[in-house]
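**Student:** Mind having a look at this structure? Questions to follow.
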Amino acid sequence: MTSPVAQCASVPDSGLLCLVMLARYHGLAADPEQLRHEFAEQAFCSETIQLAARRVGLKVRRHRPAPARLPRAPLPAIALDRQGGYFVLARFEPGADQAVLIQRPGQAPARLGQAEFEALWAGELLLCACAASPTQALARFDFSWFIPALVKHRHLIGEVLLISLVLQFIALLTPLFFQVVMDKVLVNNAMETLNVIAVGFLAAILFEALLTGIRTYLFAHTSSKLDVELGARLYAHLLRLPLAYFQARRVGDSVARVRELEHIRAFLTGNAVTVLLDVVFSVVFIAVMFFYSVKLTLVVLAALPCYFLLSLVLTPVLRRRLDVKFNRGAENQAFLVETVSGIDTVKSLAVEPQWQRNWDRQLAGYVAAGLSVANVAMLANTGVTLISRLVALGVLWVGATEVVAQRMTVGELVAFNMLSGHVTQPVIRLAQLWNDFQQTGVSMQRLGDILNCRTEVAGDKAQLPALRGSIELDRVSFRYRPDAADALRNVSLRIAPGEVVGVVGRSGSGKSTLTRLIQRMFVADRGRVLIDGHDIGIVDSASLRRQLGVVLQESTLFNRSVRDNIALTRPGASMHEVVAAARLAGAHEFICQLPEGYDTMLGENGVGLSGGQRQRIGIARALIHRPRVLILDEATSALDYESEHIIQRNMRDICDGRTVIIIAHRLSAVRCADRIVVMEGGEVAECGSHETLLAAGGLYARLQALQAGEAG
């Protein structure tokens, strides 16, 4: 009989399957293929399970309880066995034998005795619970976004607030000490009382320093968690935005918006929020000040409407100027990115002086915008300082009259003046931080432009099953912008599984648009795109794209090794599979000639490789995960004739068992296709085999004659 340990270890990727089981137990949709695609090609470990659990709406926490405490653990949970596999710990059944109910992926539930379970279990549990509602991710991003985040960390926030309250009460002791010293010690020459007060004052100082350090640590810890959460959400959201979002914006503008995260981070991790807490807790000091003197307290409080009026007048001006500063900064960022990206063109055209003049002009505009912001901030700070000085003068004058009239003692006046400082100083510091606060508001608005855009990934969309390769376009029309002409107009096309279809036509005829709709990079304005009978408009786009292989006209390579670039969609691919894909793409020979072969690190976008070499690596990358549908969008246009000949020679093997769409300007690239579709003006002009289209004497025949003439 097979032991429980062996049975559990033999289940492939038991961690992933256990997570899916628990997600479905909690009523959450979880697709194992989608999770494997997003998080790991190899077996899930505990850390990967925790990450994937967030994706499906679960919170998972690692726990190592003592065996005696296991019956009190929240179940069901995922348990780790001694062989590194996972199983579901369902429940402990009451009784003398303390039976344990477990379930291994793909098997029926099993009852184990306590000793048998302890022999199986490695001591680690992954406790699972439903996370916040998935609809929470769709909430608008503004300052209210931090409310659920603060609720999530409410225990830490509560500790910070409690410490802040204690610090305010400690701060109350300092004025009282001074009052006692001036009214009792100095008048009566009570040195023993002075020594007692000094010891008490020293203890208060040390305790205050300790609590301040603890508060700073707790606040920095909480702020860092919020910072990580916001940064992770921003990047994940950016990756899930549709292609149309990026095409409608310059790269530099998007980068500038992402960089606004730095302002929010600085605000969260700086002293701004502690100042806000001090302002809130100043109500304690105001209450004590009323106890000392109502008249003096009213003098101090009379300044608060002045601060408010100053803010009311200057805030709109400051906000407008901050908007101008951001826009100028975004223009600079976009221009810089554009310059660096196109530096070869700038140098080849020798337009550096013109670019330098443009940069100087834009930089001057940005500096001027920054100076205008600084001027408004300086005016606000000057106004606040003036008001605070007038308040100090009023307190001194009114307080002196109260002392002369013997309605206050000198010690009480000094204590009141110190208490009023605890009210006015946070307000003054808040005014000095007002520029940062407004900058943070602008940053939130700019980041909201990204985070409030709807993504193309929706958790409630159906997962596409394994493809057979049937593609149908049913009266499809599409335009890139509402005010633009149709890029595709009433296109209907059927492609059978395993069929090789070539798509040709003049530039701008809609060839690439056709394949982008099949990839669901864009959604058709009218009509439907169906794959294996499934309308791709209502399926999860990732479940579609991971079954497609796409090679664009220019393949983007990343700053990693050749092997990693080829195995990008299958990080767990073996070296044999990588080499097989490279051979099929005609890339193996030149890769072997690189300094470190497949381990050679490539520069950004494959710098150092020729266009043809980059393209062949791109083709190998598209083939590595054995897609059922392969799209070659001008994939051989950058190849020399020898490289193209290698690809054409391997085309039969490349196309074997899959549906292939070949877009090409060179008609020789589609001659092997089962069927050729000729596009013209966004419509299907002709369709048929190479010989049929030549015999028809239409657009395809004219294009063939033109290319034959050029070749001649």
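In case you wondered, yes, glycine gets a Cβ from its N, Cα and C as well.
Quick caveat, the model's predicted, so the values are computed rather than measured.
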**Student:** Labelled transmembrane segment by Swiss-Prot, one stretch among 117-137, 390-410. Can you tell me which?
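**Tutor:** It is 390-410 that Swiss-Prot describes as transmembrane segment.
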**Student:** For the recorded ATP site, enumerate neighbouring residues of the same chain (Cβ within 8 Å of the Cβ centroid of Gly505, Arg506, Ser507, Gly508, Ser509, Gly510, Lys511, Ser512, site residues themselves excluded), in sequence order.
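**Tutor:** Near the ATP site, the remaining chain residues are Thr513, Met679.
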**Student:** So, three-state DSSP: helix, strand or coil for Gly510 (ATP binding site)?
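**Tutor:** Reduced to three states, the DSSP call for Gly510 (ATP binding site) is coil.
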**Student:** Among Arg506, Lys511, the binding-site residues in question, whose Cβ has the most other Cβ atoms within 10 Å in this structure?
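**Tutor:** Answer by Cβ density within 10 Å: Lys511.
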**Student:** Counting only other Cβ atoms and using a 10 Å cut-off, which of the binding-site residues Ser507, Ser509, Ser512 scores lowest?
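**Tutor:** Output over binding-site residues Ser507, Ser509, Ser512: least Cβ neighbours within 10 Å is Ser507.
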**Student:** For the binding-site residues Gly505, Gly508, work out the Cβ neighbour count at 10 Å and name the residue with the minimum.
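**Tutor:** Per-residue Cβ counts within 10 Å for the binding-site residues Gly505, Gly508 bottom out at Gly508.
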**Student:** Measure the Cβ-based neighbour count of Gly510 (ATP binding site), defined as the other Cβ atoms within 10 Å of its Cβ.
**Tutor:** 24
**Student:** Where does Gly505 (ATP binding site) sit in the DSSP three-state scheme?
**Tutor:** strand
